[in-house]
Structure formats: C-alpha cells, structure tokens
Amino acid sequence: MALEQNQSTDYYYEENEMNGTYDYSQYELICIKEDVREFAKVFLPVFLTIVFVIGLAGNSMVVAIYAYYKKQRTKTDVYILNLAVADLLLLFTLPFWAVNAVHGWVLGKIMCKITSALYTLNFVSGMQFLACISIDRYVAVTKVPSQSGVGKPCWIICFCVWMAAILLSIPQLVFYTVNDNARCIPIFPRYLGTSMKALIQMLEICIGFVVPFLIMGVCYFITARTLMKMPNIKISRPLKVLLTVVIVFIVTQLPYNIVKFCRAIDIIYSLITSCNMSKRMDIAIQVTESIALFHSCLNPILYVFMGASFKNYVMKVAKKYGSWRRQRQSVEEFPFDSEGPTEPTSTFSI
C-alpha cells in the first residue's frame, strides 16, 4: 500500500465516520494528530531522500550494466534485472510522498491513484523477485546444472510476477483519492464492510511478505545445508552471503508487516481504543515502512555487487570511463605559453 504514513489525519470518533482504512466507531472524542504530521514533515523527507539517492545510484548501475555490458544472462540475472527495475520504479514515487508529507498532495486525484498503484506494484513485485532468486539459487546448488540458459519458463515467471503485482495494486487505483486536507489517502465507501478492508490488508501481507519469506527461508535453508555437505568446497563465504540476505530481509520487512497485521486486526476488532494508541500506530507505520523501503538500496549490494562476475563488469565500466576521462583531458590540455616549446603542462578544466 502506498505510503500509509501519509494517512495521519485528525479523525472524529463518532458512529459512521470513515477515514482512510480506519473505522474507529467506538471512539467518542476527537483525536488531533498535529504532532504526528509534524513528525512526518521532518522524518519522511529526510529518510526518503536518502533512500532515493542511494537506491537510484545502485539500481541504475545494475540496469545499465545488465542492459549494455552483460549479454550472456542466466535466470538469476533476469530476476535481478527485473528486481532492479521494480526498485527504480518504486524509488521514483518517493519524491511525491516526501512532498505529500510536507505540503500535501498537489498533483491531483489521478496522479494520486497512479502513484499509489505504482508504489504497491513495485513494492510487491520486488519481494516476489527476491523469492524467484532464492528458488533459482536453490536449483543451481541442489540440482544438475542446466545448459539451456534463460528459457521461456523464466519469462513466464516474470510475467506472472508482474501480473500478480498489478492485480494487487488495483485497490490503490480504485480507493486512493485526495481528501479535504489535500492528502493522498485511501477512502473506502461505507457499503464496503470492515472485513473487505481487512482482507485487502491481509492479501498485501501474504503476497508481499509471507509467501516470499517462506520461499526464501526454505530455499536458502536447503541451499545452506547442501553447501555444508559438499566436500572440498570453501563454503564460508556463500553461507555468509545467504545468512546476510535472510537477516537483512527479516530486519527490514518483518517490523513493517507486523504493524500492518496489527492494523488489519484492528480494522475488524477495533483494538485501538485511545488517541495516544492511534498516534503510536501512525508513527510506527511511518518508521517501519521507511525501513522496509531501505531494502531497495541494499538489493544491488546483496544480490549483485557481492558476485565476482558483476564486479568484473563494474571494473570494465570504471576502466572505460577512466580511459574516456583521460582522452578528454588530453584534448583539453594546452600550454599556458602557446608559443613556447611543447612540454607537459597543467590542465585547465571548469
């Protein structure tokens, strides 16, 4: 779901009052959330800017190298390329949410729907491509290596991942809108029961976290066990990489999905019974979802830059860029005394 932290609004605890995905019909007071909004105005722009800059640099390099330099690709390469594209599209939505936290939504209702849908689509597809990578690594270690390379099944899997993410982003296209306070939030119609709203939350948790986490956990566990049984193979580094991947996934994704699960349960059973509890829930969503977004910065490091082959491609790019820079500098070099003898001189650059 598109940045849920931006849904922090004042709401009235009266019967029939609907605000975003929340329905606090048991409340009898007014909860003023100005302090939550002030926290978001400071925290979100800073954190999202850091994520955007780091993630854009890393994932852009991954896409560029796979697109222009690495022509011979494996299935894992295809999944990593799709993961980097998903992360980039996700990152491109972050400036809009940073502005939304400070100034409100200024781009209109249509852009609110599109940006929210893109956010969910790429967040979910990224998690699913992580699961695909774990399956391919499991097959590579435990099965007989295949010489067929990237085949039709690989592209079918990628298509299915994107379609599943698109389907899960449809609620964002339908329900997200700009409210009276100029905030891009989901507003559900009154005829839509609390069970349906909770179901949407649970689907996001299951497809975007639980299923990928279970697949990654099982595949990497079997892969690690297989590596430890292999004779005459140095396994310390592969095991460290696998362990790092799992730990980073848990640390970045588990807190956010726990908070989402608590909120889904609250939608049905109205567990939040005070204004302070509601504020703490809003801040928890802001912080945990921001941490979850940071995973898009770490994906290039975890899945690409740790590989020796990709490092070689990076070195080739660096050498080519260095050679280009040297050639350009040599063209720009000229002696300060144009009539004097030719000799090495200082370069002049802007």
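Each position is counted from 1, following the chain as shown.
Any Cβ shown, glycine's included, is placed from N, Cα and C.
Feature list (source: Swiss-Prot):
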- CYS112-CYS184: disulfide bond (DISULFID)
- ASN6: N-linked glycosylation site (CARBOHYD)
- ASN19: N-linked glycosylation site (CARBOHYD)
- 1-42: topological domain 'Extracellular' (TOPO_DOM)
- 64-87: topological domain 'Cytoplasmic' (TOPO_DOM)
- 109-113: topological domain 'Extracellular' (TOPO_DOM)
- 135-154: topological domain 'Cytoplasmic' (TOPO_DOM)
- 176-201: topological domain 'Extracellular' (TOPO_DOM)
- 223-240: topological domain 'Cytoplasmic' (TOPO_DOM)
- 262-289: topological domain 'Extracellular' (TOPO_DOM)
- 311-350: topological domain 'Cytoplasmic' (TOPO_DOM)
- 43-63: transmembrane segment (TRANSMEM)
- 88-108: transmembrane segment (TRANSMEM)
- 114-134: transmembrane segment (TRANSMEM)
- 155-175: transmembrane segment (TRANSMEM)
- 202-222: transmembrane segment (TRANSMEM)
- 241-261: transmembrane segment (TRANSMEM)
- 290-310: transmembrane segment (TRANSMEM)
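Assigned with DSSP, the residues of the topological domain 'Extracellular' (262-289) fall into helix, strand and coil as follows: 23 helix, 0 strand, 5 coil. Of all the disulfide-bonded residues listed here (CYS112, CYS184), the one with the fewest other CB atoms within 10 A of its own CB is CYS112. With Cβ pairs under 8 Å as the measure, the transmembrane segment (114-134) is packed most heavily against 155-175, out of 43-63, 155-175, 241-261. Using a Cβ-Cβ cut-off under 8 Å and counting only residues 6 or more beyond its ends in the same chain, the transmembrane segment (155-175) has close neighbours at 1-2, 78-79, 82, 113-114, 116-122, 124-125, 128-129, 132, 186-188, 200, 203-204, 207-208.
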